[in-house]
Amino acid sequence: MTASPKQRIVVGLSGGVDSAVTAHLLKQQGHEVVGIFMKNWEDDDDSEYCSSNVDFVDAAAVADVIGIEIEHVNFAAEYKDRVFAEFLREYEAGRTPNPDVLCNAEIKFKAFLDHAMRVGAEKIATGHYARVRHNPATGLHELLKGLDPAKDQSYFLHRLNQSQLSRTLFPVGELRKTEVRRIAEEIGLPNAKKKDSTGICFIGERPFREFLNRYIQHAPGPILDDRGRRLGQHVGLSFYTLGQRQGLGIGGVKDKGAQRGGGEHAPWFVARKEVERNVLRVVQGHDHPWLLSHTLQATDANWVAGRPPAAGACAAKTRYRQQDAACTVTQAEGGDFALSFPEAQWAVTPGQSAVLYDGEVCLGGGVITAAGPVNSAA
């Protein structure tokens, strides 16, 4: 989606290559482009894991090459109140939240968008791999997958609404990552070969267990298998997620030929977290029934069109980078919905997002609250 005619567009410059090429493309189209660098975390500015200072230097260097102004804006208080506090609450409740989803909804497309409008922007743009399309038949703005299937980020953007989408551009969503890198090198961007960021949104890459340990209380408890046998002790339920295989401290795989099925040599996976009893349940084998679900329930739904989809056939992702899975919307009322899947889904995790699609169009989604066993399929 291109912006026309000439407009004042504020670009969120992160210091990465995607937002840098975003700013360049819009400048090439003749728009008045202003860059804003968002600082959203300052608890440990001097830590070896905090990259915001380096990222700002990179963003400023990019702005200089492109020939645009850049502003440094601090949203640390908003991030802590709206994103990080909820992130901690979810972990303390035994769920596994997705901070990138909340960060997009509350910071990049709320706090940042509001600030951009206050400084005279007509639209904002970010380096997300997604697309926005206006549908003249319905009068609605649609959120579409990015053209590069390996980089599509629509899953993280499913909480955006019509007002936000109408004022947002995703220029690199029309490109593949290889093209973005090529453009960056051709115009001499200093961060053309900078690696993609990972880790917690705006907090960066760091040892997760050590980081989480600073903010939440935790209590060790038993690790039990599906037959109730005690296999060891966990360090706190918050530090584990469903489907986890590494770091359980109960032994490894003795026979690499028995990875998917059960048996005494199969690997162990986290299957359940019994918060009330402080028990971590593990099972052997990737395809153990406790790891498979045919149904799920979700809440706190956001529908991009402003209304829930009709009951019937659909497709969904229950985690990022997952292939779309055929499903049926069995109920969608208010903020709640339920899905059933003809093919069992693996390690459906409370706290993660279930995001619905109609082809390339992202319909919205919600937070998974529960998943049903394989024998509960409709």
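One is the number of the first residue shown, and numbering goes on along the chain from there.
Each Cβ is built from the backbone N, Cα and C atoms, and glycine gets one as well.
Within Gly127, Gly139, Gly146, the residue that Swiss-Prot lists together with Gly12, Leu13, Ser14, Gly15, Gly16, Val17, Asp18, Ser19, Met38 for binding ATP is Gly127. The Cβ neighbour count for Gln352 (site 'Interaction with tRNA'), using a 10 Å radius over every protein chain in view, is 25. Here the Cα atom of Gln352 (site 'Interaction with tRNA') is found 14 Å from that of Cys103 (active site, nucleophile). Of all residue pairs in Gly12, Leu13, Ser14, Gly15, Gly16, Val17, Asp18, Ser19, Met38, Gly127, the annotated binders of ATP, the farthest apart have Cα atoms separated by 16 Å. Within the set of recorded positions (Met38, Cys103), the lowest number of other Cβ atoms found within 10 Å of a Cβ is recorded at Cys103.
Neighbour list (Ser14 (ATP binding site), Cβ cut-off 8 Å, at least 6 residues apart, same chain): Phe37, Met38, Asp55, Ala59, Gly127, Ser197. In sequence order, Asp18, Gly146, Gln153, Phe156, Leu157, Phe170, Val172, Gly173 are the residues near His128 (site 'Interaction with tRNA'), counting only same-chain partners six or more apart with C-beta under 8 A.
Cα to Cα, Gly16 (ATP binding site) and Cys103 (active site, nucleophile) are separated by 17 Å.
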